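**Q** Got a structure for you, questions after.
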Amino acid sequence: MTTRLIAPSILSADFSRLGEDIEMINQSHADYIHCDVMDGVFVPNISFGIPVIEKVAEIAKKPLDVHLMIVNPDNYISAFQKAGADILTVHYETCPHLHRTVSSIKEAGMKASVCLNPHTPVTVLDDIIGDLDMVLLMSVNPGFGGQSFIKNTYKKVRLLKEMIAAKNPSCLIEVDGGVNFETGLNLYDAGADVLVSGSFIFKADDPIAAINHFKTL
Ligand SMILES: O=C(CO)[C@H](O)[C@H](O)COP(=O)(O)O
Ligand SMILES: [Fe+2]
């Protein structure tokens, strides 16, 4: 049985009126608010950081799902917890001491999640999956919204679902990048629990209706 959750990504929000876009998400059936933090080092783009997350947390009525695309995430775990993050995702590719990083996130009181780039096989998580609350699979190369979905992700979701069923059934699978109603339905059917969607939702004529429609797929 799969949980069908939706997390709008505010990377595609209008930053000149971010508060209004957060209120829009508050009024929808969204489950989380996905916040993409990019450092210009791990990924070739810079988005926003801790001061923006603090302000989002002041008005958000949904848990904050914070996706760190930064090197040395261990240095900022406490700061993101204080800023209001509920779920903290680090990239496998940035964490040489992943068990320590995951333990620190949980000790700080947040849910711990690990993200894999499109080329990183899910089997690398075999010895950490039992400690995770969520795994985030990137279905585009991280750094930008509005990219095309990489179809190999379906196979990764199915394989990860088997690993999770065997080792940690309560761990969620989240997928991020190029998610629309078509890829979203396929992902839910493959076993994804949480979908992140940015440009598709914010470009919709009625973003609240688009968010709510994901819950009915
Ligand atoms: O992490 C991300 C990019 O690195 C974003 O969450 C993701 O790209 C969402 O945007 P879109 O739905 O437009 O692909
Ligand atoms: Fe993201």
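Here the Cβ of each residue, glycine as well, is placed from N, Cα and C on the backbone.
Annotation comment: TrEMBL describes S9, H67, G143, F144, G145, G146, D176, G177, G178, G198, S199 as substrate binding site. The divalent metal cation binding site annotation in TrEMBL covers H34, D36, H67, D176. Residues or ranges marked as active site, proton acceptor in TrEMBL: D36. Sequence annotations record features per position, and here TrEMBL assigns active site, proton donor to D176.
For each listed feature, how buried is it and what is near it?
**A** Counting every protein chain shown, the number of other Cβ atoms lying within 10 Å of the Cβ of S199 (substrate binding site) is 18. S199 (substrate binding site) falls within a helical segment according to DSSP.
Within the same chain, the residues at least 6 positions away from D36 (divalent metal cation binding site) whose Cβ sits under 8 Å from its Cβ are S9, I10, L11, S47, H67, M69, G198, listed in sequence order.
Note: D176 (substrate binding site) has non-local neighbours S9, H34, H67, C115, L136, L137, M138, S139, V140, P142, V196, i.e. same-chain residues 6+ apart with C-beta under 8 A of its own C-beta.
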**Q** Does DSSP put G145 (substrate binding site) in a helix, in a strand, or in coil?
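**A** The residue in question, G145 (substrate binding site), is coil (DSSP, three-state).
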**Q** Name the residue among the binding-site residues G143, G145, G178 whose Cβ has the smallest number of other Cβ atoms within 10 Å.
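**A** Lowest Cβ count within 10 Å among the binding-site residues (G143, G145, G178) is G143.
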**Q** Taking ligand 2 as the reference, state which of the binding-site residues G143, G145, G178, S199 have a Cβ closer than 6 Å to one of its atoms.
**A** none
